[in-house]
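K.L.:
This is the structure I want to talk about, given as structure tokens.
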């Protein structure tokens, strides 16, 4: 029984049954007698009353004797038949209600009273549960002792709904064993194991009896019907030197069957006498393998939940259009070639594969394997390119990957993906593969129980023959799963990238996921956020973000796929020798990327797996992809959380690959922050800073991982942001409304590729938001940063993001300053969580596997995973590549007054004004200490702050995050602060294009010898930072006569891309600042009207005419000298006598003014003035209910609303979510709690009044009986 409260109750005695039956018959006769006569004599009434009292006491005794054990209280479904507390008033009154409802001789006046009381009690229970849920109190009542019973016996005390028949006590029959529990045929105990919350089960209690998984057979073609988390009859066994027949001997001695080799010295065993689906491990067989000296390690395999990443369309898409198409550019006679818009659309709106084909690049000689549910090898469009050496059936353990056919064709996924890659061209049938000259194979591994051994064996299939592995599946995209590859699959990734393709590394391409509707984040998928895989996202026909797409920082690039209603989909092969035009989801994107990778490998066979990733980053096209989260990283590359670095360009990748030189050896540097144990209260956030100065082996970043150990009352309330030293803002984790797990994260690696090419040296900031409610505290235990990259640059012209800090480096006692390359040991990428989450050893196998260290080569990796022969590092400060001096918001070190170099490390800033501070010393320092600073911003500062408080600081100190600006001491010629002026670049947010641009506030200081009498008095005390136009510097800098004027090295004009976030996020999501660049030239510094532009990046430059008109208006108002209006905006390069003329102009001109406020007023009409006027097409996209999730998806504004209704499933899921965060999302905290308390108090009042009235009725009834007697 699914999602219901399950109870066990013992059988009542025969006397009770007879009493119940007699009560039913007597009650019926009494009812008939009342309907016939209007009078009752005193003797008859007294007899009925005495009998009623006797039977009421008998029923109450029976109810008290029944012992009921609650299996689970499902609060999510609001089932209120569970005893929260056995001695609570709810249970007592419920038993009283049950006893009274079983009475035979109730009067007409007492029946409606009992019904009213039952309604009030039910409302009272509802109020109590809502109150407990709102204050985030979780509980589990009863003990897990047995399994579910039938639906009819789930509520034994439920009153009858029919008013004609009196209620009776329902006694449930004993549940049959088949419906209660799946009993192991080996005679193992049917008692369920305790709840197991670990990453192996996706962070969910898969073994609970109310999840509907037990007892279901499940068809072989439907992966979702399999029992998730159960123990299978297979083992993974490590037998050193097992190839000489020892593995077969071990299997035979212990009754196993050797299914084959997984990879080096690891074998796949099966025992046919063990149940294929068991709730408990087969400890007897596990012990026998552990006691065998020939076996180094063995572990029984458990099933994993893996889903295919496509979806079913409600109706087919529209047909293809030949407008602006390059269909005729290639003479293909395949019937579906005109409809393959993503290959032949032209105009820069396709994958640009036709130019590569014209160069003779078709993927010939490259082998691609599809890891999926099988491959129809005899398909007319696949059989010519089918490669049997690249195929295997892991589910049935044979060489034929043919899929299992069923009524719904559920195993068509692999055949569709294979057709995208290598469908035969010019065969007058179906489609054309993007690499139609490549060889393709298939691995059938999703059509059965998917275990760690099954995944590892699929990923390790013939790595010297197969070049590319394409996978369009992964953990459930339900918005609440956190899962990744197990220990064997992780080892398979490492083996493939280090030894595959003759040492150049196998290429693993993965679909990013289809959990966008559930607001899932692909950084919770351990396959897509792995450094070994190339994660691919999707774009619609119009270049929008699909409604199913997930956003995360690990996505590297994008290919086309399906979109909304009316947009075209992907054409490919299908089961039964057919063709389809409706392949969908990110499942269709990954095979297209695999086909492009095959073209690139044909052009250069010497490319490594890292070379391909570098080529993708350098050639991806951000153009024509619409997403508000586009930003520039520290080296000027555009990157997005939805599209990665952009759309893959096949022809450009082939061109670059032909002349590509192999990248240097990849280095690895890990920095372990000290143990923090930092509590994060609800609705707050903390900022942690980690300064990196010792990772000398990594100067150019590729991948960055943030390993975090964190616990939370609700994992979905956690948000993570990372900011690099080059001010690249990365969103590591977004809120997940369906994730109610309390297991948190245990050393989970959140990966980012957004800092590709930057330098790791400098201050890194990790910002953790807790959007929980009330008592939903979070606790950060530890975190670390892992940098992957190279020591030397890849190209001679690659930009440098952040220069290395100068000065000597000091080391603290609790750290070490060593770096490690890839040949040294490091912690496993995806550690396993023990069942109890307290560090106990995992089940199965007391021995650790023994691995061989691969010989040194490019990209060589050795891990301390149990599968390798290296001891795990000790807990603490192993492999620390930086030193730590823990400070609290203050600079560590003294500044040098002679310094001309400043380091400006800006902290993360939230919407409510919280600012993180980071300090540091500038100039040449004798001693330099790396800082690990924890900054908790719990107070809010007003945006209007006193200027007078900013003027008491010393000269030449760093500007700390734009909050406090230290200005030099006043000279003797300065009278007071009122005679000083400040250059202020304010903070402004403008809507331009698809995103919002926010200029960071900057304060530039200068002094003047005369007072500005026209400045309002208000701005002598306050500055309205966010209301000042950033491009106009209202004050001119005038130097004293006779002193040389130095060019001022002001701060850059920094641009933030503002991305609004859904829910109660108190932080601006995905803010992106421009990189740090060399200071502007003297001409740019002295020209006060021109904005300071960042090198190599675009900036918001106001229109010249607008600025000139503004100057004319200011001159007409008398606030600007007329001579200053003559300054032309085009005058960028100053003449030699420019400074002299400027100083002379300043002496003649009057005092300057400051713009205090500016507004824009629009006058117009809502509709066109004339019926023939063309409507503005952009107005339909101005309002968006989805925030930025669907801001550029035109299906959002479909006139029919049909596809809009399907996309609203995500919002419906929000309303159906019974968690406290989703339930109270529409109301504020106080309103939600207040309404619950008010409802609870009202119910209590009704209950007390009703109880008082009932007591009075009982007293009156007793008085009547006494009078009759």
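Just so it is clear, glycine is given a Cβ too, placed from its N, Cα and C backbone atoms.
When I checked Swiss-Prot for this same protein, it listed these features:
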- 1-57: region 'Disordered' (REGION)
- 13-28: compositional bias 'Low complexity' (COMPBIAS)
- 15: N-linked glycosylation site (CARBOHYD)
- 18: N-linked glycosylation site (CARBOHYD)
- 28: N-linked glycosylation site (CARBOHYD)
- 38-57: compositional bias 'Polar residues' (COMPBIAS)
- 108: N-linked glycosylation site (CARBOHYD)
- 119-139: transmembrane segment (TRANSMEM)
- 150-187: region 'Disordered' (REGION)
- 150-163: compositional bias 'Low complexity' (COMPBIAS)
- 426: N-linked glycosylation site (CARBOHYD)
- 430-579: disulfide bond (DISULFID)
- 522-552: disulfide bond (DISULFID)
- 606: N-linked glycosylation site (CARBOHYD)
- 669-695: disulfide bond (DISULFID)
- 727: N-linked glycosylation site (CARBOHYD)
- 796-875: region 'Disordered' (REGION)
- 811-821: compositional bias 'Low complexity' (COMPBIAS)
- 814: N-linked glycosylation site (CARBOHYD)
- 835-851: compositional bias 'Low complexity' (COMPBIAS)
- 857: N-linked glycosylation site (CARBOHYD)
- 858-868: compositional bias 'Polar residues' (COMPBIAS)
- 891-1015: region 'Disordered' (REGION)
- 897: N-linked glycosylation site (CARBOHYD)
- 905-915: compositional bias 'Low complexity' (COMPBIAS)
- 908: N-linked glycosylation site (CARBOHYD)
- 929-940: compositional bias 'Low complexity' (COMPBIAS)
- 975-985: compositional bias 'Basic and acidic residues' (COMPBIAS)
- 994: N-linked glycosylation site (CARBOHYD)
- 1005-1014: compositional bias 'Polar residues' (COMPBIAS)
- 1031-1050: region 'Disordered' (REGION)
- 1057-1083: region 'Disordered' (REGION)
- 1062-1074: compositional bias 'Polar residues' (COMPBIAS)
- 1233-1253: transmembrane segment (TRANSMEM)
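What's the neighbourhood like for each of these?
P.N.:
In sequence order, 331, 332, 333, 334 are the residues of the chain that are 6 or more apart from residue 426 (N-linked glycosylation site) and have a CB within less than 8 Å of its CB.
On its own chain, residue 430 (disulfide bond) has 334, 335, 336, 380, 381, 419, 423, 571, 572, 573, 579 as residues at least 6 apart in sequence with a Cβ closer than 8 Å to its own Cβ.
Within the same chain, the residues at least 6 positions away from residue 522 (disulfide bond) whose Cβ sits under 8 Å from its Cβ are 512, 513, 515, 528, 529, 535, 550, 551, 552, 554, 555, listed in sequence order. DSSP assigns residue 522 (disulfide bond) to a helix.
Within 10 Å of the C-beta of residue 606 (N-linked glycosylation site) we count 13 further C-beta atoms, all protein chains included.
In the three-state DSSP reading, residue 695 (disulfide bond) counts as coil.
Around residue 727 (N-linked glycosylation site), taking its Cβ as the centre, 27 other Cβ atoms fall within 10 Å, counting all chains.
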K.L.:
Which one is it: of the disulfide-bonded residues 579, 669, which Cβ has the fewest other Cβ atoms within 10 Å in this structure?
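P.N.:
Least crowded of the disulfide-bonded residues 579, 669, by Cβ count within 10 Å, is 579.
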K.L.:
At a 10 Å cut-off from the C-beta of residue 552 (disulfide bond), count the other C-beta atoms across all protein chains.
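P.N.:
Taking all protein chains shown, residue 552 (disulfide bond) has 29 Cβ neighbours within 10 Å.
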K.L.:
Quick check for the class: what is the C-alpha distance, in angstrom and rounded, between residue 695 (disulfide bond) and residue 727 (N-linked glycosylation site)?
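P.N.:
Spelling it out, the Cα of residue 695 (disulfide bond) and the Cα of residue 727 (N-linked glycosylation site) are 19 Å apart.
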K.L.:
Please report the Cα separation of residue 669 (disulfide bond) and residue 727 (N-linked glycosylation site) in Å, rounded to an integer.
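P.N.:
Rounded to a whole number, the Cα-Cα distance is 20 Å.
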K.L.:
Does DSSP give residue 579 (disulfide bond) helix, strand or coil?
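P.N.:
For residue 579 (disulfide bond) - judged by DSSP and reduced to three states - the answer is strand.
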K.L.:
Tell me, how many other CB atoms lie within 10 A of the CB of residue 695 (disulfide bond), whichever protein chain they belong to?
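P.N.:
If we count other Cβ atoms within 10 Å of residue 695 (disulfide bond), we arrive at 24.
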K.L.:
Looking only at C-alpha atoms, tell me how far residue 727 (N-linked glycosylation site) is from residue 606 (N-linked glycosylation site), rounded to the nearest Å.
P.N.:
35
